[in-house]
């Protein structure tokens, strides 16, 4: 039947998203300018932040780039922020964008090796509890040297590989469309697939939390860690040792949570790998091993060598993370014989939509800065007593990181703490303790939602999430035990262990106070 032009426009707007969702976005776009001009720019700013979080929460209804982008464009158009401020935020976070564009694409060209290693791991460890612990530990270790996004990209690649192998076998698809379950025609196969999805969901969440457990420990683990370390004048070893009073107890209890939720099948964990899936993966592995030519074996060896280069380059910070990723692309494609432009393009398909989304997010961050949305909170915290400041900085960082971006929150708070030190409001010792509280506050409680951790948001908006039915709400629910334990143990560490342990480490000669002058930290 014929439809009117108005109906055609409405159908095209945000595509197949539900009508109620389309109406909600339209409502936001109508209300925001009215509130900004006739009520309060501050209120309008917070409304924009909440609306953007809503688009992230509804990521499976509609990719957040479009609705979030419309809100961001309007915010710039009505004067909530300026194009210059947005460009400045993008420039400040160029390292993160380069990471997404190049590092994630670089990992794509190492998928053969990763799938080989993790398939062996999965098939040889039959205990789900031990396997979950192995994934969590591996992610934590890798995240201490690589960026968490890189690690999540690795695990996503592996999980998509597992899912594709089984789905193609059980659905008999000639076109290999892994999003279409119509080829699975019996109830048993459907139930097995659902169990396999639950199994992969739990592994992904363990790996995701593992990136937070490891990423908080070192100055290269997360982008904001590097900013905090630079402000405090710490090198790699200084940063690691100063964080230990808080990060070590959190790490131990985080692993304990991993074991308990698997053992007692809590919060959606505990799903076993179906035996039928194990058989399919085992047969695939045996066939792949039998068919593997010398040329393919050499590709695996080359990828392993490139993997060593990747870890060393990042651990020693030989170049910016994104540039290291570019070197991985060049080395892997050169020595594995991938020279076709079309083949190269596939590597960027996963990362570029998220890169665009993160750029939109920086526009929202520009609004937060322009409208001083966090200023009242920061002023309140700095008015507290020195002993209360540590816990308040930790808690407010955690709260804001859960609804905002932890890179932004960490940067804002360390700059405010640094400014307070330079103006004589806090002492040097207090500033360094605040730096620890800020770092742990931005990294630990932020696992509560995908908004705080870029790695979690990347997972939520990846091609894997809809395949394994990993929604925003399910991620929050499955992260809950980790969130509670990591936040509470981290708070107790900041409250009771940080000061005495730092004093003991200083007396033992493990750490020394830097001399900070003219805005530059210079270790003795």
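Backbone N, Cα and C atoms are what each Cβ position is placed from, and that goes for glycine too.
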Transmembrane segment range according to Swiss-Prot, out of 416-436, 479-499: 479-499
Beyond the flanks of the transmembrane segment (98-118) by 6 or more, those residues with Cβ under 8 Å of it: 147, 149-150, 153-154, 157-158, 161-162, 223, 296, 299-300, 303-304, 306-307, 310, 320-329, 332-333, 336, 338, 346-348, 350-352, 354-355, 358
Contact call for the transmembrane segment (304-324) and the transmembrane segment (448-468): at least 3 Cβ pairs under 8 Å, seq gap 6+: no
Spatial neighbours of the transmembrane segment (140-160) far in sequence, C-beta under 8 Å, 6+ residues away: 99-100, 103-104, 107-108, 111, 114-115, 118, 200, 203-204, 207-208, 210-215, 217-218, 220-223, 251, 310-311, 314-315, 321, 325, 350-351, 453-456, 458-459, 462-464, 467-468
Chain residues outside the transmembrane segment (239-259) and at least six past its termini with a C-beta under 8 angstroms from it: 129, 132-133, 136-137, 140, 206, 209-210, 213-214, 216-219, 225, 229, 432, 435-436, 439-440, 444, 481-482, 485-486, 489-490, 492-494, 497-498, 501-502, 505, 510-511
